[in-house]
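Straight from Swiss-Prot, the features:
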BINDING   E65, E94  Mg(2+) 1 binding site
BINDING   E94, D115, L117  Mg(2+) 2 binding site
BINDING   D115, D118, E278  Mg(2+) 3 binding site
BINDING   D118, G119, S120, S121, N210, Y242, Y262, K272  substrate binding site
Amino acid sequence: MSSNNLITLHRWLLSDTHKNMENKLEMANLFSGIALACKITNNAIKRAGFESNFGLAGITNVHSEDVKKLDVIANDAFKMALKSTREVFCMVSEEEDSIIPVSQSQAGKYVVAFDPLDGSSNLDCNVSVGSIFSIWPKASKDHNYSNDDVLRKGRDMTAAGYALYGSATMLVLTFGQGVYGFTLDNHIGEFVLTHVEMRIRTKGSIYSINEGNSVFWDKATQEYVKAIKSGADGRAPYSSRYIGSMVSDIHRTLLYGGIFMYPGDTKSPNGKLRYLYEVAPLSFIMEQAAGKSTNGSSPCLDMIPKSIHERVPVFMGSPACIDELLAFQKKFNHNHSTTSQHEKDN
């Protein structure tokens, strides 16, 4: 974008681009907090080698995962920056086991769920990582938060986004009116609009999945991956690209097309990814970019979680790829169900 037409995130949020966006000033304030948290996190990552912030913090989180030092820094940055906006009612973090309260004097009317540092297991080898967030209006009529405020259908989100800390630092977001990308200009310290109305290709030729788990997949997933790898029906074989950092894998899928998959399997029936702050916000972005996201039977955005850290299977990407995946799910899982019922009857 020309330096004569720099549109910063704050300027964009207040522009006429969002004539239909409710509470524009509140959203601008809230996103100023998110942008600040992302800048703090980005700076901590870039300086981690100098400040001995790589490696483990010596604790585990609610998921029994080893917590990295940078996980702690990013989590603290998001909590501090979000509370300071006075727009947040309560929060959910991937790093904490329960709802995070906000004092009544600071509380606003939005619920924010976030993964402060997705893919942090890759940090020590300098792989790109990210932050993910989702925003809902609060459900409570008073100042007392409850599970009803956070256990929400994805389709009821007000906004969602992710930050990618890679060769460049990007903030990608949606308010339900398309997807926009902002790149951090380190010279001026601002996120600047660089990607307007991002849209995924109708069909792609890249698949992204951890094939180390293939022995645990159901028949439908095994056969689908086998088909796209082999170039069945005379088509060109898909290329495999899997980083193991969800933000990085989704960002590539969004730009180049294709499909990202983290299915449930016999080892982890509900998959690995958490709904509120991973699957739901990235599904919202994918749908707003003309893509699709499913748990294998229904759209991810139509789900309502039963717990704040609930895990769900997910397949998302180019619509033609998802439609083909669902055809395999219908064919093979239906056949499996029919066979199982026949064996049971006999």
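One-based numbering along the chain as shown.
Here the Cβ of each residue, glycine as well, is placed from N, Cα and C on the backbone.
What you are looking at is a predicted structure, and each value in this text was computed from that prediction instead of being measured.
Each of the binding-site residues S120, S121, N210 was scored by the other Cβ atoms within 10 Å of its Cβ; the lowest score goes to N210. For the binding-site residues E94, D115, L117, D118, a Cα to Cα distance of within 10 angstroms from K272 (substrate binding site) holds for none. Of the recorded residues, S121 (substrate binding site) and D115 (Mg(2+) 2 binding site) place their C-alpha atoms 13 Å from one another.
Counting other Cβ atoms within 10 Å of each Cβ, the binding-site residues D115, E278 show the lowest value at E278. The shortest Cα-Cα distance from Y242 (substrate binding site) to any of the binding-site residues (E94, D115, L117, D118, E278) is found for D118. Under the DSSP three-state reduction, Y262 (substrate binding site) is assigned to strand. The binding-site residues recorded for this entry are E94, D115, L117, D118, and the Cα of D118 lies nearest to that of Y262 (substrate binding site). Ranking the binding-site residues D118, G119 by the number of CB atoms within 10 A of their own CB puts D118 at the top. Recorded residues D115 (Mg(2+) 2 binding site) and E278 (Mg(2+) 3 binding site) have their alpha carbons 7 Å apart, per Cα-Cα distance.
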